[in-house]
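*Asks:* Structure incoming, see below.
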Amino acid sequence: MTRIQQSRGAAASRILGIGSSQPERVVTNDELSTKMDTNDQWIRERVGIAERRFAGPDETVVSMGVEAGSKAIAASGLTPSDVDTVIVANCTNTVPMPNAAAQIAELVGARAAGGFDLNAACAGFCYGLASASDMVRAGSAERVLVIGSEKLTDIVDPLDRSTAIIFADAAGAAVVGPSDEPGIGPVAWGTAGDLAETIRMPNGRHIHQEGQSVFRWATTKIAPIALRAVELAGLTPADIDVLVPHQANLRIVEAIAKKLRQKGAREDMVVADDIVTSGNTSSASIPMAMDHMRAAGRVHSGDVALLIGFGAGLSYAGQVVICP
Amino acid sequence: MAEKPTEEQILAGLAEIVEEVAGVESDEVTADKSFVDDLDIDSLSMVEIAVQAEDRFEVKIPDAELANLKTVGDAVSYVAKNA
């Protein structure tokens, strides 16, 4: 009988390197206050954002993804041709085709790499990371470039103060490769499709969210998912050095951290607060926060980080990783 | 809670929750006060207060209902009726 041969993968996977990219233009709360009925204090109190970056016409999902991806490849000590697969988490590309992954693979120099886009909104990076890790362990890929790249300003009504103050543009990336010791834990993921209507694009052009409903969900349902990721990794909350929740809203980040500390996470656990200067950049926020914290010396190689993404769908995914 | 709480117990419990969530002194939290206008509580803090009140009083306070709870007294009545 004919038998199909199966591929064999690595014993384990890990993140080899991280990179990020932001547009040039910094947009302050004061600038937004000139366009709509809001002010610096109101924005800081509600969402914790002081400033964010908006992309210009030449700064795109692809261009930001290329820059973040190239930096991640360099940080990994690899050359672009070492990358054999590219996953781009994205929910803001305004055209469904061509996808971003094929263009980014070509432009970073990972010519002919396998590539696809993945949409799990703000949870997209964690979905991509889990997929990459499993590919490396299953043998369908050896080194995977995982990118979250988003140009939210393309789908935000610039005069809607409930969204225009929150969302921004950026890309973050990680290279996942083989490892002797596990560097990426099992993923805890899922969806809450019964709440699909709470973050949507009702006119097909602009994002709308039910702020209170999303806030309630994020502050009550996400910490237990994060704890499940810790459990799946065979660890306890006290083992976590760094907490990197999706940078949705500083109050959500703080609520998740508080709940984890009630369950044994340490007081000195570093908590990502990149939203303060970067805004909510959807799938880019987690890898970019890790990159910024590494650059600032707040996170070190070998630290145990708990990642938890959550957003439209509603979708969520989290895992424990060892920082590269 | 085995027995239904009295309105006094609900008010005292809500005052503790409001103090914890929003940093408002609990003796400021009286039935006639408006959450938004008098106590300066924003829409997201209202969600946090509702979530804690749900746990404490074993009651459901849906987001759609939150908009109707303008004053502390409104919240006390709602909890008393639905707990």
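Including glycine, each Cβ sits where the backbone N, Cα and C put it.
All TrEMBL annotations are machine predictions without curation.
If you look up TrEMBL, you'll see A:CYS122, A:HIS246, A:ASN280 marked as active site. Per TrEMBL, domain 'Beta-ketoacyl-[acyl-carrier-protein] synthase III N-terminal' is recorded for A:116-193. Residues or ranges marked as domain 'Beta-ketoacyl-[acyl-carrier-protein] synthase III C-terminal' by TrEMBL: A:232-321. Per TrEMBL, the feature region 'ACP-binding' maps to A:247-251.
For each feature listed, report its degree of burial, its nearest neighbours and the pertinent distances within the displayed model.
*Replies:* Its Cβ taken as reference, A:CYS122 (active site) is surrounded by 31 other Cβ atoms within 10 Å in the chains shown.
For A:HIS246 (active site), applying a Cβ distance below 8 Å and a minimum sequence separation of six or more within one chain yields A:CYS122, A:ALA123, A:SER282, A:SER285, A:ILE286, A:ILE308, A:GLY309, A:PHE310, A:GLY311.
Around A:ASN280 (active site), the same-chain residues six or more apart in sequence whose CB sits under 8 Å from its CB are A:VAL47, A:ILE49, A:CYS122, A:LEU152, A:ILE166, A:PHE167, A:ALA168, A:GLN247, A:ALA248, A:ASN249, listed in sequence order.
Helix, strand and coil content of the domain 'Beta-ketoacyl-[acyl-carrier-protein] synthase III C-terminal' (A:232-321), in residues and according to DSSP, is 35 helix, 22 strand, 33 coil.
In the predicted structure, the region 'ACP-binding' (A:247-251) carries a mean pLDDT of 96.
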*Asks:* Count the residues of the domain 'Beta-ketoacyl-[acyl-carrier-protein] synthase III N-terminal' (A:116-193) that DSSP assigns to helix (H, G, I), to strand (E, B) and to coil, and report the three numbers in that order.
*Replies:* 22 helix, 28 strand, 28 coil
